[in-house]
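Let me begin by presenting the structure, written as structure tokens, before commenting on it.
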Amino acid sequence: MPSYTVTVATGSQWFAGTDDYVYLSLEGTAGCSERHLLDKPFYNDFERGAVDSYDVTVEEDLGEIQLIKIEKRKYWYQDDWYLKYITVKTPMGDYLEFPCYRWITDEKEIVLRDGRAKLPRDDKTQILKQHRRKELETRQKMYRWKEWHPGFPLSIDAHSHSDLPRDIQFDNEKGVDFILNYSKAMENLYVNRFMHMFQSSWSDFADFERIFVRISNTISEYVMQHWKEDFMFGYQFLNGCNPVLIRRCTEIPKKLPVTMDMVECSLERNLTLEEEVKQGNIFIVDYELLDGVDANKTDPCTIQYLAAPICLLYKNLENKIVPIAIQLGQKPGPDNPIFLPSDASYDWLLAKIWVRSSDFHIHQTVTHLLRTHLVSEVFSIAMFRQLPAVHPLFKLLVPHMRFTIAINTKAREQLICECGLFDKANATGGGGHVQMVQKAMKDLTYSSLCFPEEIKAKGMDSKEDIPYYYYRDDGIKVWEAIKSFAEDVIHIYYESDEVVCEDVELQAFVKDIYVYGMRGVKASGFPKTIRTREKLAEYLTVIIFTTSAQHAAVNFGQYDWCSWIPNAPPTMRCPPPTEKGTVTIEQIVESLPDRGRSCWHLGAVWALSQFQDNELFLGMYPDEHFVEKPVKEAMAKFRKNLDEIVNAIAERNKNKKLPYYYLSPDRIPNSVAV
């Protein structure tokens, strides 16, 4: 009688093993096997990290194995089991791989197909077509869209982390408990003694050092030492944790009535301001989005303030970007002066602090939350709803969706919810952050997520003109590496543009993102359909780059750039100055966050800057969803390209006081998970 050798691999996560009854049956083109008992209680099989083998004897040859059915029956208590994969050695000596990488919960049967990726057109038999359809029907019931706030991209329909499907939950929920992590961070930073001291001001700038963890030769220490300097202020627009706002100024806006007399002493080329603009030496950052946003009112004992500044910057003869004019409101007038480097030092310093505070708010809520976290969740939900596990694009994308829905659900549960942690220290808490996302949706376009296109649209693409824009340089290298990998995978499975058009699951995936993620807004520029391999490669690059590199660029530098409180105040406790010549050091310190808010802020930026335990970085794919040799060769080529980028960045960073490493692939996690 024919005998099949079945090998079963259990995950290595905590509590991945099971003591339940486990049954297996094989289904082939020539028939089905009986149900075989593989494990029962106290047999010590299917333990965490184990690989167990069994001989399954059948009455007659089953033909080509198409499906494996795994059934778990409860012995005593709920005992979830994480099944990595099953391999089958046929009587002819052939090996088949059946990837799973899922939790098997309750008393359910799961059906696995072999690991070869298949498009809908590749399935010829009714049994495979039915399996494909049934998987998506089941998933669409589990992964439902829900509106969290009007105007937001839709998110997952779950009130808490525990409501999520088991497959997308964190392995250890405590590891992502924001309250626990923030408190732990404050304890580790030795600042927990200050955490309840709200309304208690610091005495001077040096007093902030009492909560500043001085780590030698780090960016955070360098920031603390040089934060007042115009060079450091300008540098952050290029390579800080929010390097996405600066654009080349092609015309001085009417709402910023800067004159030549005001800035003449800052210009170094003996040109007029208009001539400097024409030569491309003037840059602008406009925080208009903050205009009209309500400041946090959750603490009646502390009035908090927001501003919507406009900052004009200049590329000097050393090719450094420095500020030359700051207006703290959008409407010009006598009570909204334009602050200049030639003003009294405290006037100029406070104006820069207000810009840094505004930059912090835009960074946290728009650059970070909306444009990486919420957008990545849209990609994740659409993928689970519309792409079955056998689809090559599911296999390509699933590593880049790891824990994204879980971290966002946890954030809505504890961090950005009403009375959440975000309200404790941030001037945009208490609802202002919601208004900001709603306003920012109009600028969330497909082209703005295409990295090279967005850099070019801002006039920031010239390496010769702007030589120290490492975010741009490294980002384009990583973008090209991802795009090359996506193209390689596409050409393995899509032999022509016609095949792309015919892929109904791909088209449903794209439509889901447009309709639910972008709320069907035509102006977003998100495609409703994809008709060419070239467009598909770009689309997949947008998804992978956003979920990995873009998030890394704007997330993991938060402690570096924001731990020195005066450089990134999360709130301001006095209104913006309305006249010049009156600012004192006491007024500046009184404006900055109190001790309690400073500590909560510090705990937040520390916790958010840490990698996950067992982090998987770009190009690392330990879960082998793909089994075909051509794809594994494409992955090896991708890793080689990434290694070259890592080496080039390391070489450039040698001996730099301010190294830029956020887009080094060995520091880019595969997915948004923190």
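In case you wondered, yes, glycine gets a Cβ from its N, Cα and C as well.
Straight from TrEMBL, the features:
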type    : residues               : note
BINDING : GLY17, ASP79, ASP80    : Ca(2+) 1 binding site
BINDING : ASP39                  : Ca(2+) 2 binding site
BINDING : HIS368, HIS373, HIS551 : Fe cation binding site
DOMAIN  : 2-118                  : domain 'PLAT'
DOMAIN  : 118-674                : domain 'Lipoxygenase'
SITE    : TRP103                 : site 'Essential for stabilizing binding to COTL1'
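Averaged over the domain 'PLAT' (2-118), the predicted model reaches a pLDDT of 87.
Counting in whole angstrom, HIS551 (Fe cation binding site) lies 32 from ASP80 (Ca(2+) 1 binding site) by their C-alpha atoms. Note on proximity: among ASP39, TRP103, HIS368, HIS373, the recorded positions of the record, the Cα nearest ASP80 (Ca(2+) 1 binding site) is that of TRP103. Across the domain 'PLAT' (2-118), DSSP classifies residues as 0 helix, 62 strand, 55 coil. A C-beta separation below 8 Å, combined with a sequence spacing of at least six in one chain, links TRP103 (site 'Essential for stabilizing binding to COTL1') to ASP80, TRP81, TYR82, LEU83, ARG166, ASP167. For ASP39 (Ca(2+) 2 binding site) paired with GLY17 (Ca(2+) 1 binding site), the C-alpha to C-alpha distance reads 12 Å.
Counting every protein chain shown, the Cβ of ASP79 (Ca(2+) 1 binding site) has 18 other Cβ atoms within 10 Å.
Each of the binding-site residues ASP39, ASP80 was scored by how many other Cβ atoms lie within 10 Å of its Cβ, and the smallest score goes to ASP80. Summary of the Ca(2+) 1 site environment: with the site residues GLY17, ASP79, ASP80 set aside, the chain residues having Cβ atoms within 8 Å of the Cβ mean position are PHE15, ALA16, THR18, ASP19, ASP20, PHE46, TRP81, TYR82. Neighbour list (GLY17 (Ca(2+) 1 binding site), Cβ cut-off 8 Å, at least 6 residues apart, same chain): THR10, PHE46, GLU47, ARG48, ALA50, TRP81.
For the recorded Fe cation site, residues HIS368, HIS373, HIS551 set the reference point as the centre of their Cβ atoms, and the other residues of that chain within 8 Å of it by Cβ are THR367, LEU369, ARG371, THR372, SER376, GLN550, VAL554, ASN555, VAL672. Within the group of binding-site residues (HIS368, HIS373, HIS551), the Cβ with the highest number of other Cβ atoms inside 10 Å belongs to HIS551. Note: the Cα of HIS373 (Fe cation binding site) and the Cα of ASP79 (Ca(2+) 1 binding site) are spaced 32 Å from each other.
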